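Accompanying notes for the structure given below.
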Amino acid sequence: MAKTSQAEGQPYKGYYNNKSQGQPYHGYYSGFNKSASAQIHHLARSLTQGVQSHYDDTYTTATMHPNGINPISDKTDPTLDPESPSFSSKRWVQNMWKLYQSDSEYYKPGKLGVAYKNLRVYGDAIESDYQTTVSNGVLKYARNIFNKFRKDNDDYSFDILKPMEGLIKPGEVTVVLGRPGAGCSTFLKTIACRTEGFHVADGSVISYDGITQDEIRNHLRGEVVYCAETETHFPNLTVGETLEFAALMKTPQNRPMGVSREEYAKHVVDVVMATYGLSHTKNTKVGNDFIRGISGGERKRLSIAEVTLVQASIQCWDNSTRGLDAATALEFISSLKTSASILNDTPLIAIYQCSQNAYDLFDKVIVMYEGYQIFFGSSQRAAAYFKKMGFVCQDRQTTPDFLTSITSPAERIIKPGYERLVPRTPKEFYRYWRRSPERQALLEEIDEYLDNCENYDQKQKIFEANNAKKAKHTYNKSSYTVSLPMQVRYIMKRYWDRMRGDIIVPLSTVAGNIAMALILSSVFYNLQPNSSSFYYRTSVMYYALLFNAYSSVLEIYNMYEGRAIVQKHREYALYPPMADAIGSIISDFPLKVVCSVLFNLILYFMVNFKREPGAFFFYLLISFCSTLFMSHLFRTIGAFTNSLAEAMTPSSLLLFALSTFSGFAIPVTYMLGWCKWIRWVNPLAYAYEALISNEFHGRVFDCSNIVPSGFGYPKTGNSVVCASIGALPGEFKVDGDLYLKLAFDYSYSNVWRNFGVLMAFIIFLFGTTIFFVQTNKSSISKGETLVFRRKNIRKMRKMEEDEEAYMDGMAPLDFSGSTEISDYSYDYMDRKLLDTSNIFHWRNLTYTVKIKSEERVILNNIDGWVKPGEVTALMGASGAGKTTLLNALSERLTTGVITSGTRMVNGGELDSSFQRSIGYVQQQDLHLETSTVREALKFSARLRQPNSVSIAEKDSYVEKIIDLLEMRTYVDAIVGVPGEGLNVEQRKRLTIAVELVARPKLLVFLDEPTSGLDSQTAWSICKLIRKLANHGQAILCTIHQPSAILLEEFDRLLLLQKGETVYFGEFGANCHTLIEYFERNGASKCPQHANPAEWMLGVIGAAPGTQANQDYFETWRNSPEYRAVQNELHRLEEMPGLASGEKEPDTNQAYAASFWKQYIFVVHRLFQQYWRTPSYIYSKFAMAVLCSLFNGFTYYKSQNSMQGLKNQMLSIFSMFVVLTTLAQQYVPLFVTQRDLYEARERPSKTFSWLAFIAAQITAEIPYQVLAATISFFSWYYPVGLYRNAVYSGAVTHRGVLMWLIMTLMFIYSSTLAQFCISWNQLADYAANWISLLLTISMIFCGVIATKDSMPKFWVFLYRCTPLTYLTSAMMSIGLGDSFVKCAPTEILTFPPQTPGVQKCQDYMGAYISIAGGYLLNPEATDNCKFCIMDKTNQFLDFMNISIHNFGRDTGIFIVFIVFNMAATVFSYWLFRVPKGNREKGSFFDKLPFLNGGGDTNHENV
């Protein structure tokens, strides 16, 4: 196959023919790799797609191997070996295609096309919605539920895609063009059968060669895939492991003979990594925002490579070129063309910024306009269609830019004389298209295509081809390539790879279990076999059961961590979610076994439980089964719910119910009738009965306390009795089985029955986990809608109706042809709106970063300036140092050191107000999602403008900026999240506006303001930047993919290559000055219609596959332009007074506003966020109310018997369980605020870190007080603790004190959460610390074990635990100064010393006066009935609690709250506040649990 005459190394512009027959295209395109090494890797799109190698060969694989060879076993051809420097992915594809064709009966190649007709898509939402708040949340939720039952009601749905039609044959490459919100993503998702969140209307026809969408979903899912814009991967897997997993899941049964699955998978992984330039990252972790790994660009290529391995026939790519430069994006599209030409793949690609070279590779184009398809057809005829309509394509305007400009009224240019003839609205364009001859021809072609699919039975061929790939024992109609057992095996291997990649997690889990076993068992160390150990044996058994059960609680977090990835793999037909669930359960099993054995082995023997082998192994079996039960329960909850917030409340209530009704807190005989049924459906109750029956059965315990005892009382005989349930008069031993029967109503005969019930629950929950994980659909999007505050929604709808009526009734607009967007009035004051006379300049800026032991220079001697009224473009390839330079200039570096260079304003050094004197528009649009646009702008203006400016002036300035940036139509809209809130362009405008309202007196930095935007939005943003400069603003802006038209909006260019300057100067008209400079210095001539940006990147060797012909850094340093720059910098440095004027009073202040003003505004915003986050508030109140009510009515009006007092104590203790959930619920909210603050507001000096922390602490308190108040009334009175105050006549007083201590308890939970998250980067880590600290506190607070029973070593923890003082305060107020009345089973019965003669009161009088207690029959002479307690204070004394210490205990508890607040402030300052020129101290940067990771390379340091 001969090559074209195109120059080597230049991007292929290509000619294609006979696509449907699978013949390859003729041409050359360069590789993906940017290095100068001999091994150049090339980008490809599908498993067997590829490109021409970089060197020139005289013959191709097609001529060498007419029938193809097996490249896995035959290594004779180096061009087919991915480990060879001579590897050519294009030749590999050609060889594989020949191999498939050589035995088509075995390989059965088959591909799909798609035809759609009358396709209409609608969503269940309105085009604008109102924001959910605490006040309207319940009403809105009820309305949404009601609307789900309304059918075919247009009031509650809107069209996303209007009826459309198209035909894409196998081997054709199609581009989908349109602005954000046009429906491009919805169209691709519809074609890919991803219709969650919207509906395909009845009557719509979508045919994949005669196959329906239902058949695709159920039987051929992997043949049609959708690749989203974002990347989701397991961060702890390496690149090689990620791709190998996908390859194993898609390894076909009909692979080349003699090749194992593992060999095949390894080979294709090596091929795609070589193809995509990922070979060097094979053993590198993927990483994410918090775990170091590959770079963002490499992560994008990894996503592409993964889809490549799926081997889908129809691939729907949604803006997959985002973040790639123009040259790299071109190579990606070229690879898709290769795949289509050779293998008959059918890719559809939505691209927002498409170059002309890339566009020329497409066969067909779809143009979308606000849900209407206004053109479908040949990419070469699209421009002519709209030109014939009456529109003009400007000089240097690319065809895709022209096509998308048609959908923008402000940008399309109308041919003179056609002003009243061309369509204006989307509906008019749609009508024009539906009447066009192009559409009529398309409909005829679609009908013919559909008839042919039925006549030639193409459907059967596709199913046969799909079945040929499937492994043995795989269901014929399954979408998956390998069988379920194989899927589970590969998933288990992936799970272990993930565990190995983050080995600290399993090791810390094991270590945590050992530590908790040692702590718990040491508290109850070596219990003696006597009656005094009964309470401790049952309590430690209870706590051990709960620990074994709750050890799986974090699995609910894991369910959400990987859900997006599992759903993605399901859509790729790698495996069903049930396979992942089964695999993870089996993979978790060994770790559970190890943890369970270690914990229970240590606990069992240190506590001195029953020393019999059978008893030990039965204990181990029941404990482990309890762990499995709770694991499956948490997995079921996670599988059933769609978010962690949804799962928290039901899981917490279930935990509370299961632990309360396990049999220890409330024995069976004390359970109330209304809730006794819970015991029968509570597996932990069966487990607990089995455990303590196993412990007490067949044992006789010595008596440790005889009643009566002391001087004058006999030590033997029937007149004394053991003070224990189950004791008999005259007996000094207690039978274990009798104790169980009387105290718990338990019997040893039930232990194996209980084991069977426990296993039944495990099996049942395993089934429910599999069912829900397979059937649950993740949260769905409603489509892109604006969200307003409820009070503004009617006003906005009225405005929209008036505007629509006006547009429908008016005549067609008379366009002048100008592309200028509407501008703000240019009177003098408005021109001065952003005016500044300050000049920012820098010289010889050098920045280094230490990577391992190497000092790497990232920026090397950079010079430049930014003057008012000028827009300076900062350009270069990825990794050139653009963002790094912006961060260095704006003092935002988070690592590394500026080793030399100066940064000045008007010749003077930078002062402490510099950071708030500039605006920095970050690439990421970071905003608080609950704020409105106006609120976000006012917040920035009020805190960042000088304190001398009044609030009214600041607000007035905000309104001017709103008009300047044309944001008036959505100024009252909620920022929201993508899909429900502002769209991409609106978010970018808001990001710019937030910086402008601060009225930066120096300049504005913009980092990639057009990244991810469509070409028209990018053009709009650049026009906006130009407008700002015209108003006097100085601007420095990085830009990645500018078209020739966009470059006209910039005045100067700073061009970087590998951290060095290669040009700094003016663009000139039509970039003439720039072009002349490079051509004068040896560059090839710039073609007349070429994009100067792409040309200059190729000249300096920054584009893939290009090589610079000289060192342009040295060329620049020796040029006259460089000397002119140095002279100008010298002039600026010698003029320190230039336009500086009088210094403002706050010049040297880091913040414009005072601390108290900062604090007030931040607190106000926090209260707004809370009010507009009803899910958090509802969850908090639901937890407080439901748990309290459940607690209160579980222990409803507990009597003052000895068991009743224990019940009241455990009721108080159970309230502590709520603290963990309340604290963990708060953590994600804090993280949201902190991420915004640290990413945008702290670097811009909006407000101080102390104001941030103080506001966080303050904002929680009112809601905690309210939650505590509701909880108090829901619990205190149902339990009946108020009755204990009746005897002392202090019912009201003690009720108020109990409310006070409960309020402090709730406040403590929030301050503990704030302390734990203040120094932890991840919410999960903070949640673990919260759980650990509260668990230890609950062990040592004196309830599970009293102070006197603890080993002396642990007494210090008893005194240091805040819950000790909380328990003491609540129990003294709740139980003190009342009387005890024993239950019948608690009454000790024995005769006096001389029965029939001596009265009981005479016999027991001396004992009662010393030990307390009371007689029920003091006058009796035969059998004395004695209760060992008569006052509740005796019970408190046993617990080391005194009612007189309430004030002391409350005060100490308040000290703990204050300590948490102080520790929050100190730890945040220590670990997260920038110190000096560093964002975080070098020591703390090394602690992975404190700080995020990032990319291993330093493209954006």
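Start at 1 and count along the chain as shown; that gives each residue its number.
Glycine residues also receive a Cβ, built from the backbone N, Cα and C atoms like all the rest.
Residues annotated as topological domain 'Cytoplasmic' in Swiss-Prot, with sequence analysis given as evidence: 1-502 (among others).
Summarising the annotation, Swiss-Prot assigns region 'Disordered' to 58-87.
For 140-395, the entry in Swiss-Prot reads domain 'ABC transporter 1', with the evidence type sequence analysis.
The transmembrane segment annotation in Swiss-Prot covers 503-523 (among others). For the transmembrane segment (503-523), same-chain residues at least 6 beyond its ends with a Cβ under 8 Å from one of its own Cβ atoms are 540, 543-544, 547, 551, 591, 594-595, 598-603, 606-607, 1332, 1335-1336, 1339-1340, 1344-1345, 1350-1351, 1353-1354.
The N-linked glycosylation site feature in Swiss-Prot is assigned to N530. In three-state terms derived from DSSP, N530 (N-linked glycosylation site) belongs to an extended strand segment.
If you look up Swiss-Prot, you'll see 540-560 (among others) marked as transmembrane segment.
For 589-609 (among others), the entry in Swiss-Prot reads transmembrane segment, with the evidence type sequence analysis.
Per Swiss-Prot, the feature transmembrane segment maps to 614-634 (among others); the stated evidence is sequence analysis. Outside the transmembrane segment (614-634) by six or more residues, the chain places 544-545, 548-553, 555-556, 559, 585, 588, 592-593, 595-597, 600-601, 604, 651, 654, 683-684, 687, 690-691, 694-695, 751, 754-755, 758-759, 761-762, 765-766, 768-769 with a CB less than 8 A from a CB of the stretch.
Annotation source Swiss-Prot lists transmembrane segment at 653-673 (among others).
Annotation comment: Swiss-Prot describes 755-775 (among others) as transmembrane segment, evidence class sequence analysis.
For 776-1175 (among others), the entry in Swiss-Prot reads topological domain 'Cytoplasmic'.
If you look up Swiss-Prot, you'll see 840-1083 marked as domain 'ABC transporter 2', on the strength of sequence analysis.
The feature ATP binding site is assigned by Swiss-Prot to G876, A877, S878, G879, A880, G881, K882, T883, with sequence analysis given as support. When other Cβ atoms within 10 Å of the Cβ of G876 (ATP binding site) are tallied across all protein chains shown, the result is 24. According to its DSSP assignment, G876 (ATP binding site) is coil.
Sequence annotations record features per position, and here Swiss-Prot assigns transmembrane segment to 1176-1196 (among others). Listed by sequence, the residues of this chain that lie at least six past the ends of the transmembrane segment (1176-1196) yet keep a Cβ under 8 A from its Cβ atoms are 134, 137, 645, 648-649, 652-653, 656-657, 660-661, 666, 672, 674-675, 1170, 1207-1208, 1210-1211, 1214-1215, 1217-1218, 1221-1222, 1225-1226, 1229, 1263, 1266-1268, 1270-1272, 1274-1280, 1306.
Annotation source Swiss-Prot lists transmembrane segment at 1212-1232 (among others), citing sequence analysis.
Look at Swiss-Prot and you will find 1261-1281 (among others) tagged as transmembrane segment. Outside the transmembrane segment (1261-1281) by six or more residues, the chain places 1170, 1177, 1180-1181, 1184-1185, 1187-1189, 1191-1193, 1195-1198, 1208, 1211, 1215, 1218, 1222, 1295, 1298-1299, 1302-1303, 1305-1307, 1309-1310, 1374-1375 with a CB less than 8 A from a CB of the stretch.
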Does the transmembrane segment (1353-1375) reach the transmembrane segment (1212-1232) with at least 3 CB pairs under 8 A, where each pair is 6 or more residues apart? yes
Just name the winner among N530, G881, T883 (the recorded positions) by count of other CB atoms within 10 A of its CB. G881
Suppose we draw a 10 Å sphere around the Cβ of K882 (ATP binding site). How many other Cβ atoms does it contain, all chains included? 26
Neighbour tally for A877 (ATP binding site), based on other Cβ positions within 10 Å of its Cβ: 23
Residues of the same chain, at least six outside the transmembrane segment (1297-1317), with any C-beta under 8 angstroms of its C-beta? 1184, 1215-1216, 1218-1219, 1222-1224, 1226-1227, 1230-1231, 1234, 1253, 1256-1257, 1260-1261, 1264-1265, 1267-1269, 1271-1272, 1276, 1281, 1323, 1326-1327, 1329-1330, 1333-1334, 1362, 1366, 1369-1370, 1373-1374, 1446, 1450, 1453-1454, 1456-1457, 1460-1461, 1463-1464, 1467
Seg_contact(the transmembrane segment (653-673), the transmembrane segment (1212-1232)) with at least 3 CB pairs under 8 angstroms, min sep 6: yes
Report yes or no: does the transmembrane segment (540-560) come within contact of the transmembrane segment (1212-1232), defined as 3 or more CB pairs under 8 Å with a sequence separation of 6 or more? no
The transmembrane segment (1212-1232): which same-chain residues, six or more beyond its ends, come within Cβ distance under 8 Å? 644-645, 648, 652, 655-656, 659-660, 665, 928, 1169, 1173, 1176, 1179-1180, 1183-1184, 1187-1188, 1191, 1256, 1260, 1267, 1271, 1275, 1302, 1305-1306, 1308-1310, 1312-1314, 1316-1317, 1323, 1326-1327, 1330-1331, 1334, 1337-1338, 1341, 1343, 1363, 1366-1367, 1370-1371, 1374
Length of the line joining the Cα atoms of G881 (ATP binding site) and N530 (N-linked glycosylation site), in Å: 75
When DSSP states are folded down to helix, strand and coil, where does G881 (ATP binding site) land? coil
Any idea what the Cα distance is from T883 (ATP binding site) over to N530 (N-linked glycosylation site), rounded to a whole Å? 73
Which ones in the same chain are close to A880 (ATP binding site), with CB under 8 Å and 6+ residues apart in sequence? L1056, Q1057, K1058, G1059, A1102
